[in-house]
Amino acid sequence: MNLIFLGPPGAGKGTYAKRVVEKYIIPHISTGDIFREAIAKGTELGRKVQDIVNSGNLVPDELTNALVEERLKQDDCKKGFILDGYPRTLNQAQALNEMLKKMGKELDGAIYFEVDEETVVQRISTRRVCSKCGKVYNVITLPSKVEGICDDCGGTLIQRDDDKEDIVRSRYRVYIEKTSPLIEYYKNQNKLFTLDGRKSVEEVMKILFNILGGFEKK
């Protein structure tokens, strides 16, 4: 089962991916993880990524595509995978099609967790993180027992700069602008499945598992 997860920050992709991984025993792959792994291993591609990251530039499509292809050839991807954060561009989407074709595979579906701007702002701007242990809270949906204090270690809960409202709005708008062509691309290929990411995790998972059940019957 070969999947792409699409959705703005705060859509819950990580939560849904975790549940799918547990059920289907397939890896959840993000480009960030791929970059970190390549750098840690000190491979030739990893060294190139390290140089680019150190210089403050974005990793070009060609290098990202090569690293993704290398990752998808690993044994744990034989039964399938979830790609998160890739593809980000039409160029990358076309490259993914080509690399899967070479491997004798195809994409089963691009799952788009659609969430409006106000919901994303509410979810992320109410997030708090322990400055000591990194545990994540939410002042509305997952508050600590004592306001501003971590339940586990007693550390101070802080709001990360990335979680502040103006930054969240900017990130959301950039994501929608960049992702719109991808949504159309996968819609035209009849690969797009749009889920209402405003619903509860359980409601979304029920619909998602129904979709994935259809892929299993192929």
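Using the three backbone atoms N, Cα and C, a Cβ is placed for every residue, glycine included.
Annotated ATP binding site per Swiss-Prot: G10, A11, G12, K13, G14, T15, R127, V136, Y137, K199, in sequence order. According to DSSP, G10 (ATP binding site) sits in a coil region rather than a helix or strand. Counting only same-chain residues six or more apart in sequence, the Cβ atoms lying under 8 angstroms from the Cβ of G10 (ATP binding site) belong to V115, T119, V120, R123, I124, V168, Y172.
Here the region 'NMP' (30-59) has Cβ contacts under 8 Å with residues 66-68, 70-71, 83-86, 88 of the same chain, all six or more residues outside its ends. According to Swiss-Prot, the feature region 'NMP' maps to 30-59, an assignment based on sequence analysis.
Cβ neighbour count for V59 (AMP binding site) (all protein chains, 10 Å cutoff from its Cβ): 16. What Swiss-Prot lists as AMP binding site is T31, R36, N57, L58, V59, G85, Y86, P87, R88, Q92, R160, R171.
For the region 'LID' (126-163), same-chain residues at least 6 beyond its ends with a Cβ under 8 Å from one of its own Cβ atoms are 171. If you look up Swiss-Prot, you'll see 126-163 marked as region 'LID', on the strength of sequence analysis.
The number of other Cβ atoms within 10 Å of the Cβ belonging to C130 (Zn(2+) binding site), over all protein chains shown, comes to 20. Among the features that Swiss-Prot reports, Zn(2+) binding site is placed at C130, C133, C150, C153.
The Cβ of G14 (ATP binding site) lies under 8 Å from the Cβ of H28, D84, each on the same chain and at least six residues away in sequence. Cα to Cα, T31 (AMP binding site) and Y137 (ATP binding site) are separated by 25 Å.
Annotation for G12 (ATP binding site): same-chain Cβ neighbours under 8 Å, separated by at least 6 residues, are F113, V115, G197, V201, V204.
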